[in-house]
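Student: What Swiss-Prot records for this protein is below:
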| type | residues | note |
| --- | --- | --- |
| TRANSMEM | 14-34 | transmembrane segment |
| TRANSMEM | 58-78 | transmembrane segment |
| TRANSMEM | 147-167 | transmembrane segment |
| TRANSMEM | 175-195 | transmembrane segment |
| TRANSMEM | 196-216 | transmembrane segment |
| TRANSMEM | 220-240 | transmembrane segment |
| TRANSMEM | 252-272 | transmembrane segment |
| TRANSMEM | 294-314 | transmembrane segment |
| TRANSMEM | 345-365 | transmembrane segment |
| TRANSMEM | 374-394 | transmembrane segment |
| TRANSMEM | 403-423 | transmembrane segment |
| TRANSMEM | 427-447 | transmembrane segment |
Amino acid sequence: MGYESNRSFNKATGAGFIIAMGIVYGDIGTSPLYTMESIVQGQGGLERISETSIIGALSLIIWTLTLITTVKYVWIALKADNNHEGGIFSLFTLVRKYAKWLIIPAMIGGAALLSDGALTPAVTVTSAIEGLRSIPAFHEAFGQQQLPIVIITLAILAVLFLIQRFGTSIVGKVFGPVMFIWFSFLGITGLINLFGDFSVLQAINPYWAIHLLLSPENKAGIFVLGSVFLATTGAEALYSDLGHVGRGNIHVSWPFVKVCIILSYCGQGAWLLQNRGKSLGDINPFFAVLPQNLIIFSVILATLAAIIASQALISGSFTLVSEAIRLKLLPRLRIFYPGETFGQLYIPAVNLGLWLAASFIVVYFQSSAHMEAAYGLAITVTMLMTTTLLTVYLSHYQKVKKVLVGLFFTVFIFIEGLFFAASAVKFMHGGYVVVIIAAMILFVMAIWHKSDQLFYKYLNSSNLNDYKEQMDKLRKDETYDLYHTNVVYLTAKMDKEWIDRSILYSILDKRPKKAKVYWFVKVNVTDEPYTSEYEVDMLGTDFIVCVNLYLGFHMRQEIPRYLRTIVTNLMESGRLPQQNQTYSITPGRKVGDFRFIILEEKLINARQMPGFERFVLQTKEQIKKITASPARWFGLHFSEVTVETVPLVLSDVKNLEIHERISEENQGES
């Protein structure tokens, strides 16, 4: 990255400030909708909550936002960018060269973050819609019935997920202004209610946070941290969205967002101090603090904020999955780019999965209070994994002093470990749903990663130099018809002149393929997100071209587009003869036709393999049946493509023993 690019990344602008509002802070910005409500319920409701519990909980929220969100993520994690990209997989690409085991926290953290993508839309939208109960007309019509809330929430989620296929560039332009209004609303209403009881400002003193955890008045004990953690669940998303808005814009906008959020919590706390001990039923402090004439406006604004938060999380899930695919941690899925920019992704399988999961969660849990019981567990896991990777980044990549690295690891593992322990109790109260989703994603990741290792273990290679003479003779053999001018093989294994033996089997044995030029193309995914480079080795010929493509993990792997440029460059440099065409609608065309060959390896002799390896490879074959075809993944859907099935030659597996049965008559003859 050049100087100007780095300068732009670290620079803050007015437009970037507004854009950050709509992209980065959706999740953490909607937490005031449900965090205090969860804390109040955990303390036995409004009738039983004590002053110590209110001020202590506020103190815990303030210092959680300060230590985890501000210190860990805004001050430290944002510096760990991979060519201006953030998130757990970008962090992993920076440190994976230091230890192989780092793939484990990367996969666990990624799976947990993806599972959270199903719960967050359900919680935020349901919490916002439940505000309708504060409107007298709605309350008179439906009372405390939850069914209308569920139906409205499901309808909003349906619309939200259905519009993903069309892109979000148009509506995305209003996300920033709407969220700026939302945060201003939080800050102003919080400040107004703060005048009701300034004693809540005692919460700035961390003494009250520690005092609450040790106080007998704390009816939830250490598990109050499970509710407090809801205030900072969006911190991981803040890091993941680094590449969309830049470090400078986050550094400038976060203080404004943090102040507005804390004012909202303090306003709710002041109202709770004034009304504790009253019998008001199940209330949400967020809506309870508002005057009646603002309820409808607040519900509409909260719903818009919840939708924007959900949209940001959905888009983040698409990006996370696309990164995992290119890092070979997930199978290839169909990816579309409906927007005007590369960053706008749409993955139908992920969209459908999130929609079904979010809808199931709404129907299963019914209310936001029940959903909150399951919320946060997955994110505590992701944060612990990020802390692990950040520790390696600081010690090995940044060469920070060991004492400081040890201090960082100890402090945040301890804090996040407490949050994890407090959230773990949620497992039996609905947290198991998110854990099951995360476990399923992790299972697929583990299978895909391990199968890739086994593929290279059992794949045979041959030296192209040993077959150059045969290939040259074949392309000049008049007894064979020309198969195609250019035959292109896509290979996962090519090391200089060494290549997958199955490719040579396809050219020479299966049906000799006469061509003028044989191309062997391997795609190498780099740790830098936007790399676009290639290397060519023609092995001293003018008919064999070995191409290594180096593409960043954010780049689309559209082979024909890159190959077109490479062919032109080789012909212009004289390394590749021109392929003048007699018949063409393009006068003077110098490049012939192309045929792409995709080899699909099928497992053979599976019974002779170790049981675990057999299970991994057979499971991968089943998963591949529902994933995107290689032709579509490599942008070949408008090209001529042949898919051939070849056996996966297991070089390390012994042949089955068999003996000839000789009859007595044959013995006599011999």
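Even glycines carry a Cβ here, placed using N, Cα and C.
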Student: Looking at the stretches 58-78, 252-272, 403-423, which one shares the most CB pairs under 8 Å with the transmembrane segment (196-216)?
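Tutor: By Cβ pairs under 8 Å, 58-78 leads among 58-78, 252-272, 403-423.
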Student: Would the transmembrane segment (175-195) and the transmembrane segment (374-394) count as touching if the test is at least 3 Cβ pairs under 8 Å, pairs 6 or more apart?
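Tutor: In this chain the transmembrane segment (175-195) does not contact the transmembrane segment (374-394) - fewer than 3 Cβ pairs sit under 8 Å.
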Student: What stretch in 58-78, 147-167, 294-314, 427-447 has the biggest tally of Cβ pairs under 8 Å against the transmembrane segment (345-365)?
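Tutor: Stretch with the highest Cβ contact count: 147-167.
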Student: Let me check one thing: do the transmembrane segment (374-394) and the transmembrane segment (294-314) come into contact, meaning three or more Cβ pairs under 8 Å with sequence separation of at least 6?
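Tutor: Per Cβ check, the transmembrane segment (374-394) does not touch the transmembrane segment (294-314).
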Student: Report yes or no: does the transmembrane segment (58-78) come within contact of the transmembrane segment (252-272), defined as 3 or more CB pairs under 8 Å with a sequence separation of 6 or more?
Tutor: yes
Student: Taking contact to mean three or more C-beta pairs under 8 angstroms, with sequence separation of 6 or more, is the transmembrane segment (14-34) in contact with the transmembrane segment (403-423)?
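Tutor: Between the transmembrane segment (14-34) and the transmembrane segment (403-423), contact is absent.
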Student: If we skip the immediate neighbours and take only residues 6+ beyond the ends of the transmembrane segment (294-314), which ones have a Cβ under 8 Å from one of its Cβ atoms?
Tutor: 22-24, 26-27, 29-30, 33, 116-117, 120-121, 124-125, 127-129, 131-132, 134-135, 156-157, 160-161, 164, 168, 172, 175, 178-179, 181-182, 185, 189, 234, 237, 241, 286-287, 351, 354
Student: Which residues of the chain, 6 or more past the ends of the transmembrane segment (403-423), have a CB below 8 A from one of its CBs?
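Tutor: Answer is 67-68, 72, 76, 222-226, 228-229, 376-377, 380-381, 383-384, 387, 390-391, 394-395, 431.
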